[in-house]
Amino acid sequence: MSVIELYPLLTQARYVEPIWGGPQLARWLHLPEAEQSKLGEIWQVYDQNLIVNGALAGQSLAQVTSQFGAALVGTTTSERYGNDFPLLLKFIAAAQPLSVQVHPDDEYAHSREAASGFHGKTEAWYILEAENGAEVVHGFREATNRQACEAALATNTLPELLRQVAVQAGDLVFVPAKTIHAINPGVVLFEIQQKSDLTYRVYDYDRRDAATGLPRQLHLEQAFEVLDFAATAPALVTPTKLNADVSLLVRCPFFSLEHWQLNRIQALSTSVTSFDCWTVINGACSLVWGAGSLDLSHGMSVIVPAQLGQYQLYPEPSAELLRAYV
């Protein structure tokens with residue numbers, strides 16, 4: 001039986017058309033018939049996505065992670081979560097405000113939501129495009145409590161308690177678990193998050209489910225159990241310049257995200273501690289390693305296994321990328 005050597009993986013992205021979707025994300029990705037699109041999210045890297053290149057094509061990322069373990073995800077993830085791919089990477093844009101929501105941390109997710117198989121959810125947003133005056137919701141204007149939130153919900157005034165944060169292209173918004181938040185119209189963003197779909201909806205502008213006609217479900221009891229009611233830390237993170245072409249956008253216990261401006265060939269190498277996920281947000285490049293190469297264009301993501309070792313990125317002629325790792 002032949003032994004499959006790990007190689008950089010492309011996955012089949014998952015396209016999501018939620019109630020708040022619209023044309024902005026499709027326009028940013030240069031998709032056909034963008035103006036008719038209701039696209040709201042694209043799950044670029046997720047463990048249920050299928051591999052679409054090489055000998056592992058047709059298997060899910062979860063299956064490949066189970067098979068290869070630390071050789072794919074690295075020792076940091078395998079020691080924390082076992083053979084479980086730890087991140088979910090998305091593009092998001094909205095034509096209407098997203099619901100005001102909160103996510104649990106690992107402790108709550110693993111104890112109270114263990115059956116889901118999900119972790120907690122700390123996330124960060126890199127703003128790719130923003131209209132003039134665009135804002136996101138991040139935390140409360142000032143410290144509050146459950147009783148004040150319940151009273152505001154009863155009078156439909158919860159938005160008055162929430163902090164609106166102005167954003168522009170190139171900003172990084174860090175959203176720790178337990179932080180109330182929402183994405184508003186007018187932005188296209190890249191989201192890096194722990195692998196989790198645990199969302200507790202707090203407020204939804206009285207929207208109704210398209211299928212049932214009923215108001216969309218809120219999850220107030222869970223939300224109030226996990227919410228941090230204290231006035232939160234600043235939403236925007238100041239990048240750290242690592243060199244002329246690379247900035248560290250955010251680093252936390254669950255992930256790191258870097259911005260790369262690729263104007264020349266870059267020789268790179270993975271570490272045994274983590275995989276690399278590269279996402280092209282402008283231009284195009286090629287990824288070359290000992291046994292092959294991949295062409296990467298605007299909007300594509302690739303997973304470089306921890307055990308791969310040396311590889312190179314070739315700009316064609318230039319590219320802008322985000323690098324995610326743990």
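Backbone N, Cα and C define each Cβ position, glycine as well.
Those TrEMBL annotations? Automatic predictions, nothing curated.
The domain 'Phosphomannose isomerase type I catalytic' feature in TrEMBL is assigned to 13-113.
Residues or ranges marked as Zn(2+) binding site in TrEMBL: His103, Glu123, His181. Just so you know, the Cβ of His103 (Zn(2+) binding site) picks up 28 other Cβ atoms within 10 Å once every protein chain is counted.
According to TrEMBL, the active site annotation covers Arg201. When other Cβ atoms within 10 Å of the Cβ of Arg201 (active site) are tallied across all protein chains shown, the result is 17.
Look at TrEMBL and you will find 250-313 tagged as domain 'Mannose-6-phosphate isomerase cupin'.
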How many Å lie between the Cα of His181 (Zn(2+) binding site) and the Cα of Arg201 (active site)? 10
DSSP helix, strand and coil counts for the domain 'Phosphomannose isomerase type I catalytic' (13-113)? 34 helix, 21 strand, 46 coil
What is the number of residues in the domain 'Mannose-6-phosphate isomerase cupin' (250-313) that are helix, strand and coil, as DSSP sees it? 0 helix, 42 strand, 22 coil
Local Cβ density at His181 (Zn(2+) binding site) - other Cβ atoms counted within 10 Å: 24
